[in-house]
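Features of the protein shown, as given by TrEMBL:
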type: DOMAIN; residues: 182-370; note: domain 'FtsK'
type: BINDING; residues: Gly199, Ala200, Thr201, Gln202, Ser203, Gly204, Lys205, Ser206; note: ATP binding site
Amino acid sequence: MPWELVVWLLLLLAFLTQARWEHRLPTMPRGLRRLGALPWRWYLGGFPSAVFRMRFTWRRFTRNADLAVQRQPPRALVGRELIVTGRAVRMIPPRLGLPRPTRDGLVARVQLHPGQTPIPYIEAAPAMAHAWRMHSVRVVSFRRGEVTITATWRDPLTDAGTEPKRFPGRILAAQVGRTELGMGWTLDMRQVPHWLVVGATQSGKSTLLASLVAELAPQPVALVGIDCKGGMELSLFERRLSALACSRTEALALLVALLDEARDRMAVCRRAGARSIWELPEHVRPVPVVLLVDELAELYLVDGSRVSRQEAAECSTALLRLGQLGAALGLHLVVAGQRIGSELGAGVTALRAQLGGRICHRVHDQQTAEMALGDLAEDAVVAAQVITEEEQGVAITTVGGTWTRVRSRLTTTADAREVVAQNVDKTPAIPALVRAMDAVNKEVGGND
Ligand SMILES: Nc1ncnc2c1ncn2[C@@H]1O[C@H](COP(=O)(O)OP(=O)(O)OP(=O)(O)O)[C@@H](O)[C@H]1O
């Protein structure tokens with residue numbers, strides 16, 4: 001009996017056994033439970049058939065998708081007319097490496113033919129997903145002359161149970177959820193300093209901010225909040241926040257204080273001959289600050305009065321200045337809102353241009369998706385529009401010139417309380433912010 005047959009029979013046996021296991025899982029010892037929780041159906045059934053489909057269709061697929069190249073047939077010149085003889089034209093497919101199973105799908109490498117670039121492979125990714133009956137396929141080139149195909153067999157964003165492996169973080173890097181390929185979704189503010197988060201009401205914006213705060217809370221980072229929806233979302237984290245503004249007047253005072261802080265940091269860098277705070281020696285480096293704004297529109301909307309117009313204009317200018325100056329000074333913005341369009345005022349378009357990182361949850365209209373993603377990736381706009389109401393927390397985000405579907409981790413009120421309790425002693429005091437908030441509170445108290 002050939003050994004392949006033995007292996008297949010064993011796999012079949014294991015597959016059938018596993019089907020009987022599942023309902024007993026909760027009563028099993030922990031080790032067995034962990035083993036049982038692995039996606040055996042995929043490993044034993046789905047993966048071999050996906051590999052079979054890949055291998056079986058590879059030649060035809062690469063020919064249809066223009067990824068195969070032609071081998072020159074032998075030819076001969078006879079008489080005055082040109083006559084071609086020899087074997088029929090044969091298309092040579094690129095070399096497909098051995099697919100490797102992962103928890104959520106498979107990974108395979110492909111060697112490019114000389115003269116090829118990864119672009120046609122990246123464009124052919126949706127066709128690969130259809131041809132191999134996979135949920136999604138992504139193609140990335142990590143090495144010259146080679147592309148890596150990562151295919152997933154199910155949508156990891158719909159399965160709340162799969163928590164991607166967590167990696168020891170760098171400062172200002174926060175793993176806030178997972179990507180559609182089942183990997184961790186990390187917002188790295190050292191790479192992309194400012195972020196824009198849009199989405200309709202109840203689409204998951206505040207939950208994403210909460211996940212971000214929960215991830216940054218254990219780090220030596222000052223968190224500052226502007227939550228003009230009465231402070232209902234960010235006040236959960238108040239004791240871990242270095243300052244929290246719950247009204248536009250407070251927000252303006254905070255923004256002005258942050259601009260003063262930016263000027264101080266500029267002076268420190270200038271004196272030390274450094275181009276950013278990261279070039280300063282560690283003992284004099286100021287703590288990075290992440291400013292979270294929940295519902296930007298609350299800062300920009302005016303009720304017709306002169307005071308509100310002036311406040312809105314000042315908030316707009318201060319935010320824009322922070323966006324322009326902040327990255328090198330360790331001042332980062334994460335701005336969330338339902339719509340971030342020009343109807344909010346002239347400054348908002350300029351602010352949007354400063355927010356390089358984009359996250360777009362479910363939106364009501366194409367225009368909002370275009371505002372968030374359109375200038376970076378056209379096809380991402382389409383992907384954002386098909387997010388359904390049931391997919392709360394699902395979003396499209398742009399990463400390194402491409403886009404991906406992601407879902408934030410659901411951070412509950414209990415999670416927020418726990419994070420605060422564990423990290424309250426890590427809250428850095430920024431005297432300028434404390435003074436600004438005290439001054440506003442005194443003024444408001446005096447007016448009352
Ligand atoms: N990642 C997630 N996974 C599962 N459920 C989520 C997720 N994110 C949000 N939700 C659910 O969606 C609800 C609304 O989320 P959230 O309050 O973050 O939306 P929002 O966009 O901030 O809404 P609004 O603009 O009205 O404040 C939450 O109460 C939560 O139950």
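Every residue gets a Cβ built from N, Cα and C, even glycine.
The average pLDDT computed for the domain 'FtsK' (182-370) is 91. Considering other CB atoms within 10 Å as the measure, the emptiest surroundings among the binding-site residues Thr201, Gln202, Ser203, Ser206 are those of Thr201. Within 10 Å of its Cβ, the residue among the binding-site residues Gly199, Gly204 with the fewest other Cβ atoms is Gly204.
Reduced to three states, the DSSP call for Ala200 (ATP binding site) is coil. When the binding-site residues Ala200, Lys205 are compared by the number of other C-beta atoms lying within 10 angstroms of their own C-beta, Ala200 comes out lowest. For the ATP site, the Cβ centre of Gly199, Ala200, Thr201, Gln202, Ser203, Gly204, Lys205, Ser206 serves as reference, and the other residues of the chain with Cβ at most 8 Å from it are Gln338, His361, Arg362, Gln392.
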